[in-house]
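I have placed the structure first, in the form of structure tokens, so that the comments after it can refer back to it.
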Amino acid sequence: MDKRWSLQGMTALVTGAASGIGYAIVEELAGFGARIHVCDISETLLNQSLREWEKKGFQVSGSVCDVTSRPEREKLMQTVSSLFDGKLNILVNNVGVLRAKPTTEYVADDFTFHISTNLEAAYHFCQLSHPLLKTSGYGSIVFLSSVSGVVSITDCGSLYGLTKGALNQLARNLACEWAKDGIRANAVAPNVVKTAQSQFFLQDVSKKEGLFSRTPLGRSGEPNEVASLVVFLCLPAASYITGQTICIDGGLTVYGFSSQPQA
């Protein structure tokens with residue numbers, strides 16, 4: 001295989017990877033030959049996923065981790081450093097949470113919940129992984145952002161959008177600051193994707209129809225459609241792409257007005 005399209009011999013950490021988009025990312029990374037460590041807050045889901053990956057012959061290990069805890073983040077990175085001999089090629093900051101409310105109804109706990117999970121954890125993981133990424137000689141960071149960080153999606157709430165917009169900016173900053181260390185940073189911004197977390201939205205007929213009417217492809221995304229882009233950004237073939245926020249949204253963010261029927 002052309003080395004540009006292989007992750008053979010490379011190592012990766014994916015957060016929140018026992019289900020949903022994170023699970024799909026692990027499957028895609030493993031398919032390209034990467035060795036992967038994952039973390040998840042649910043021990044039950046994590047163990048189930050690890051068993052499934054073992055049956056498929058994937059090189060995946062895992063740790064239970066509450067990413068909102070600074071000591072647990074530090075412990076996780078110590079584990080990763082030990083497993084991968086002080087080197088890491090890929091960091092995928094996938095963990096994300098959402099409490100959808102009108103802005104006037106958010107309380108202090110909601111603010112802390114979003115910031116600590118969606119933003120602070122990703123920021124700290126980048127700091128902790130920097131020496132490992134630099135030592136590897138080829139580092140790639142991918143943030144799982146959202147179209148909510150690019151355009152206003154009122155139904156997702158302003159706090160969620162705030163944290164995702166911040167991740168997009170963090171990708172730009174790190175791309176410039178850490179390029180000299182051989183590290184690239186990008187963000188992927190999906191539309192609504194079919195996962196357990198999005199069911200509250202997709203089961204509401206009026207919300208779903210409203211979203212699909214503004215999405216040229218007329219549907220929600222699939223986890224593997226997001227995973228394929230994430231993994232592409234980690235491949236040597238994408239070595240000149242950094243600092244970008246790429247929307248994978250069925251055309252939502254470019255939709256203006258059209259009298260033509262959707263797909």
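Any Cβ shown, glycine's included, is placed from N, Cα and C.
Among the features that Swiss-Prot reports, active site, proton acceptor is placed at Tyr160. The NADP(+) binding site annotation in Swiss-Prot covers 13-37 and is backed by similarity to another entry. Annotated substrate binding site per Swiss-Prot: Ser146, in sequence order.
Sequence features, as recorded in Swiss-Prot, placed on the structure.
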residue: Leu13; record: NADP(+) binding site; DSSP class: strand
residue: Ile21; record: NADP(+) binding site; DSSP class: helix
residue: Leu29; record: NADP(+) binding site; DSSP class: helix
residue: His37; record: NADP(+) binding site; DSSP class: strand
residue: Ser146; record: substrate binding site; DSSP class: coil
residue: Tyr160; record: active site, proton acceptor; DSSP class: helix
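Looking only at the binding-site residues Leu13, Ile25, Leu29, the densest Cβ neighbourhood within 10 Å occurs at Ile25.
All chains included, 14 other C-beta atoms sit within 10 angstroms of the C-beta of Gly33 (NADP(+) binding site). For the pair Ile21 (NADP(+) binding site) and Tyr160 (active site, proton acceptor), the C-alpha distance works out to 17 angstrom.
Cα of Ile25 (NADP(+) binding site) to Cα of Ser146 (substrate binding site): a span of 16 Å. Here the candidates are the binding-site residues Leu13, Ala17, Leu29, His37, and by Cα distance the one nearest Tyr160 (active site, proton acceptor) turns out to be Ala17.
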